[in-house]
Amino acid sequence: MDIVGKLKKEWFLIGMVLMIILAVLVPHIGASSGPLHLNLVTEYGIGLVFFLHGIGLSPTAIRQGVGSWPLHVFTQAATFILYPLIWILLSSWLTSVMPLPLAYGFCYLLVLPSTISSSVAMTVIAGGNIPGAIFNASLSSILGIFLTPFMVEFFTGFAGGNMDISHMILDIAYMLLLPMVLGQLARPFLHNWLSRYKKITGKLDKCVILLIVFNAFSDSVLRGIWHDFALSTLILSIVLCAVILTVVICLLYSVARLLHFSHEDLAAGLFCGTKKTLAAGVPMAKVIFGASPMLGMLLLPIMLYHPMQIFVCAIIANKMAAKLPSHQHQAQQAN
């Protein structure tokens, strides 16, 4: 693949770096009070993105995945029990070696729900239980609307403004869940038409995330949040993300083997259980942490973790696919 092709393939990761650079160079443009009014643009963009997610979710596939209860318990326990336990184990150390907003950013990363699109995509590549992956990723996203703000409040006491937990959950449900429900209702009328423009709609959520990143980092630069941020802290954050991902993958793989999961359930559980959502995590942070100037630093862990999980899980998915007979893998992908 030539250089241009590689750049096109990784445009989103490159875009995140460019948004941070732009926020440093021209923070007044991307700030909430700036000429682009990105705080309003991203708010409507988030609603549109989750409306499209709702249209894309297949009710049939979700119903087919309901029956695999050991897989469901395994996956949701990984997301909402194992990861938060890591925060409990590391919290005292993290708050002593890095700025408090960054430590809270790791707490936020560890209590986020799974991601839908890439979890299912990796399961497809690995020849896994696709209905089970769709069901668990969707269930995780819905549970996260209620559990993520509750756990952030419980573990850190950090919430935007004077908003109590019930208002926070209602705001997140209004921002993410309501558009998804409306998308499901509109699916019979719009799904076939939108399928023709899948390449365009597939990039929309990433574009909205880029705008939110630009907005969050611009606000934090204008407030001087990054003045005392050392390079060693960034390196520590990168290493910590890599260690957390490695430990969780190895642990989930070992437990799934002990439970005698089939290849299909192993793939679905591994990818749904290890992933953390950037698409829902970034907009949820705006509700949970409010207009905090620390938002850029709070989002840094999930921004570092996201490309790592995509890269590592893609390698694992391809290795798992190679172990399957070709005819079996083709049949699973067709289904």
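Backbone N, Cα and C define each Cβ position, glycine as well.
Whatever TrEMBL says is automated annotation, not expert-curated.
Remote same-chain residues near the transmembrane segment (12-30) are listed as 36, 38, 206, 209-211, 213-215, 217-222, 296, 303, 307 (criterion: CB distance under 8 Å, separation of at least six residues from the stretch ends). What TrEMBL records for 12-30 (among others) is transmembrane segment.
Taken from TrEMBL, the feature transmembrane segment applies to 36-57 (among others). Beyond the ends of the transmembrane segment (36-57), by six or more residues, the same chain brings 29-30, 116, 134, 138, 175-177, 179-187, 190-191, 194, 201, 204-205, 207-208, 211-212, 214-215, 218, 279-280, 283, 286 to within a C-beta distance below 8 angstroms of the stretch.
According to TrEMBL, the transmembrane segment annotation covers 69-90 (among others).
For the transmembrane segment (102-126), the residues of the chain that approach it from at least six positions outside its boundaries are 53, 57, 75, 79-80, 83-84, 86-87, 90-91, 94-95, 132-134, 136-138, 140-141, 143-145, 147-148, 151-152, 155-156, 158, 233, 237, 240-241, 244, 267-268, 271-273, 275-281, 284-285, 288, 297-302, 305, 309-310, 313-314, 316-318, 320-321, 333, judged by C-beta separation under 8 angstroms. As annotated by TrEMBL, transmembrane segment applies to 102-126 (among others).
Residues 57-58, 61-62, 64-66, 68, 71-72, 75-76, 79-80, 84, 87-88, 91, 104, 107-108, 111-116, 119-120, 123, 165, 168-169, 172-173, 176-177, 267-269, 271-272, 275, 277, 280, 284, 287-290 of the same chain, all 6+ positions outside the transmembrane segment (133-159), place their C-beta atoms under 8 angstroms from a C-beta of that stretch. If you look up TrEMBL, you'll see 133-159 (among others) marked as transmembrane segment.
Among the features that TrEMBL reports, transmembrane segment is placed at 165-186 (among others).
Annotation source TrEMBL lists transmembrane segment at 207-226 (among others).
The feature transmembrane segment is assigned by TrEMBL to 232-254 (among others). Beyond the ends of the transmembrane segment (232-254), by six or more residues, the same chain brings 74, 78, 82-83, 86, 97-99, 102, 106, 109-110, 266, 269-270, 273-274, 300-301, 304-305, 308-309, 312, 316 to within a C-beta distance below 8 angstroms of the stretch.
According to TrEMBL, the transmembrane segment annotation covers 266-289 (among others).
Through the fold, the transmembrane segment (295-317) approaches residues 13, 16, 23, 99, 101-102, 104-106, 108-109, 112, 118, 122-123, 125-126, 213, 216-217, 219-221, 225-226, 229, 237-238, 241-242, 244-246, 249, 267, 270-271, 274-276, 278, 281-282, 285-286, 289 of its own chain, all at least 6 residues removed from its boundaries and within a Cβ separation under 8 Å. Here TrEMBL flags 295-317 (among others) as transmembrane segment.
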